[in-house]
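For 19-32, the entry in Swiss-Prot reads compositional bias 'Pro residues'. Positions annotated as compositional bias 'Low complexity' by Swiss-Prot: 41-51. The N-acetylalanine annotation in Swiss-Prot covers A2 and rests on similarity to another entry. Feature annotation from Swiss-Prot assigns region 'Disordered' to 1-55. Here Swiss-Prot flags 112-146 as repeat 'PFTA 1'. Summarising the annotation, Swiss-Prot assigns repeat 'PFTA 2' to 147-181. Marked as repeat 'PFTA 3' by Swiss-Prot: 182-214. Residues or ranges marked as repeat 'PFTA 4' by Swiss-Prot: 215-249. Annotation comment: Swiss-Prot describes 255-289 as repeat 'PFTA 5'.
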Amino acid sequence: MAATEGVGESAPGGEPGQPEQPPPPPPPPPAQQPQEEEMAAEAGEAAASPMDDGFLSLDSPTYVLYRDRAEWADIDPVPQNDGPSPVVQIIYSEKFRDVYDYFRAVLQRDERSERAFKLTRDAIELNAANYTVWHFRRVLLRSLQKDLQEEMNYIIAIIEEQPKNYQVWHHRRVLVEWLKDPSQELEFIADILNQDAKNYHAWQHRQWVIQEFRLWDNELQYVDQLLKEDVRNNSVWNQRHFVISNTTGYSDRAVLEREVQYTLEMIKLVPHNESAWNYLKGILQDRGLSRYPNLLNQLLDLQPSHSSPYLIAFLVDIYEDMLENQCDNKEDILNKALELCEILAKEKDTIRKEYWRYIGRSLQSKHSRESDIPASV
């Protein structure tokens, strides 16, 4: 029976037993040379972990299985139930089975204790993607009134090791909600994005923080900086759309013109950048591609020196929009669109030639005068 956050007081099971007495200390080692002392200190630092409160790593040679610990003798472990006839059963390590058998036991008892809290840490070290462990850890954080700033330090280390794990980012989000303090978030996320600027978990968290705490100031400047570093980063173009949509919007003609010209300048830098073309289409499509003043002429001027499949496809979209809006020179516009579809099929986007020929046939079928449609169509 899974525990839920904020349900009840401490469950039966009592407080953990007394820890085992440590063995007598070994005799002092022989004197070390300065270099040896430095190496030993570095090794000690490497073995330490965030929130080091007596936690013993699963990789430690002195690690003791839970089933062999006196303070856990009152708990009957709960094995994983894979059903009567498991297929392709996972072969877990002895440590993994031991930790999760005891985790299932404390979860079943809804035991809100310090030992249960430490157990979640072992379980997370073995599988940080287990959302049930994270959920129960949050239950214990509240029940035991743990220091949430210490927990933030802990989750920072986990995210740095596993930056593309849904559960660790969700845990951080809950902590920020509880603390009502986003002061570390934008800088922390920027550090993660410096390692991988397309980490959508980090972007999702950034969007939530900005929207939840109204941190819109300077975000567009941050986006500009990242686009200068990598104009092809679709995640950053998406962030640009997110920021403007939630602040000024695109209804203001000055904002829209600024964004159109900004995007065209980025396209001039890298003509074959699909991300920029998608952004341009996204901000104009609902307003009518053919209705934006002078856009068609600007793209036609770009075509000789900055031609790409995306530019030609965009021209097809503009011509189609003109046909849909009953332009005066319908036959001429249709012929231009059909010619571009054939250029895409034969030269610029040959891998999708059948798609572009289908688009051409569709345009011809829809917008040709009935007497002009070939019998085969």
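In case you wondered, yes, glycine gets a Cβ from its N, Cα and C as well.
Listed as Cβ neighbours of the repeat 'PFTA 4' (215-249) (distance under 8 Å, sequence separation of 6 or more from its ends, same chain) are residues 182, 186, 190, 193, 197-200, 203, 206-207, 209, 255, 259, 266, 269-270, 273-276, 278-279, 282-283. Confidence for the repeat 'PFTA 4' (215-249), expressed as mean pLDDT, is 97. Helix, strand and coil content of the repeat 'PFTA 1' (112-146), in residues and according to DSSP, is 26 helix, 0 strand, 9 coil.
Sorting the repeat 'PFTA 5' (255-289) by DSSP state (H, G, I as helix; E, B as strand; all else coil) yields 30 helix, 0 strand, 5 coil. In terms of DSSP helix, strand and coil, the repeat 'PFTA 2' (147-181) has 28 helix, 0 strand, 7 coil. Across the repeat 'PFTA 3' (182-214), DSSP assigns 25 helix, 0 strand, 8 coil. Remark: secondary structure over the repeat 'PFTA 4' (215-249) totals 23 helix, 0 strand, 12 coil, with classes taken from DSSP.
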